[in-house]
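For 26-241, the entry in TrEMBL reads domain 'Cytochrome b/b6 N-terminal region profile'. As annotated by TrEMBL, transmembrane segment applies to 60-84, 114-132, 144-164, 210-230, 261-283, 320-338, 358-376, 396-415, 427-448.
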Amino acid sequence: MPQDSDRSTGLIQRIWRSIVRGPLYPRDDRDRKWLVVNNLILHLRPIRLPRRSLKFTHTWGLGGIAFVLILLLAATGVLMMFVYEPSTEGAYESIVLLQDRVLFGTMVRNVHHWSANFLILIVFLHLLRVYFTGGYQGARQFNWVIGLVLLFGVVASNFTGYLLPWDQLSYWAVTISTGMIAYVPFIGEWLREVVRGGAEIGQATLINFYTFHTTVIPVVLILFLAWHFWRVRKAHGVVYPRTVDGEDEESPEYVLTLPHLLVREVAVALALVAFVMVFALFFDAPLGDAANPGMSPNPAKAPWYFLGIQEMLLHFHPTFAVVIIPTAGLVALVLLPYLKYTDDSAGIWFMSRRGRRLALLATVTASIFTPLWIVMDEYWLNLTGWLAGVPSGISNGLLPTAVMAGGVALFYAMLKKIFSATRGEAIQATFVLLTVGFVILTVTGVWFRGAGMALVLP
Ligand code: HEM
């Protein structure tokens, strides 16, 4: 109990007091101690935090937004499990039933669908925020790796959910995506069969995906989310925000998490829920015709977050597009926090003034060269034709990959030589170059590919 005097008062009185007096507004040290030991929120948050960390534009609330979206997904997902039937005969019908016959069924499905898609976008933006504020350095290094597992989990969750409506869209998107697995050297065909639960997409695939979507992935996400938050707590909250000019406070002013952080988090969460609800009211989750394994739509596209990779398939040998380049990207992402940085830039957006300029230069460079290369490859470049006789793994795989890697290395060297960039600034600009390049590939796949995957205007 918070106060000794409470022992002498009645139960109702004590409960009433604890409601009206606190725990939001601790009055003295004893109150505060009670609050810290007994409060669930403060097991997850530091007790005090620098006032500057509260500034919305430091984190944009993205980690918290991701968490609220996950809660929305869990709530709407459980509701849909009461109606959904994981069988090839019943799945599509059960979704139609949910939409047409269940009170608020369409709304629940819409909220689930849009929350899942926003989540991928938000987690990606959160990753960028953490990277560009140096939130991966020092005590936070390993939390970056935990974050990557979360990212992988969120994408896997989205992908396994994609199949469940069993309509033309989902059936063929999953056919395309799982088809890509076959390009993994040596074990590709076997792995594809394991994922599909057979040679073709069918009942076994649906049960595999349903179990992963509703049980395995949520459990993994819950465990890693708890670990992620605990690591943030252990690092004393988010990285301390600093300015490029170094006019940082000598001794930062600290405020109590309760209520200062909590009211902000609740405000963002409420605004988010309202936004998703309104969005779901106006935009329905897509539902095509029932799956027809005999009729492939044209173009047949993977889910949007895999379209960057599907786009690469049009330019590189499949083993490079699906396995080697994505694996290299993933390894680079894992290693990012462990590279040797000379700058002390934690908490400063884009490290320094030069860091900002070079990030902009990288954005412009990628925005020119990526579309140029896509168009050139579509209309002019014909490596397999020009180098007929050379195995396509070399002419269309090793060769363009080496040219691309050479271009990136040249860019890095130029940053150091011409712009006297520090190691950290050069790595950051290279990261921007590759990220913007990948985003442009994804945008091309989503809006600029039509029938036969030909380049078209949207
Ligand atoms: C389901 C996905 C995720 C959720 C719900 C989540 C949630 C959070 C939250 C609530 C914070 C506290 C500050 C904030 O709001 O920004 C945070 C911090 C952090 N997150 Fe995540 N996160 C997720 C994914 C990721 C990913 C993909 C990465 C990076 C690869 C990552 C790396 C980090 C790091 C390093 C911090 C500490 C940053 C700092 O101290 O400034 N997280 N995360």
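Including glycine, each Cβ sits where the backbone N, Cα and C put it.
Outside the transmembrane segment (320-338) by six or more residues, the chain places 131, 136-137, 140-142, 144-145, 148, 180-181, 183-185, 309, 312-313, 393, 397-398, 400-401, 427, 431, 434, 438 with a CB less than 8 A from a CB of the stretch. In terms of C-beta pairs under 8 Å, the stretch of 60-84, 114-132, 144-164, 396-415, 427-448 lying closest in packing to the transmembrane segment (261-283) is 60-84. Sequence-distant neighbours of the transmembrane segment (396-415) (same chain, 6+ residues past either end, Cβ-Cβ under 8 Å): 315-317, 319-320, 324-325, 358, 362, 365, 369, 383-384, 387, 421, 425-427, 429-430, 433-434.
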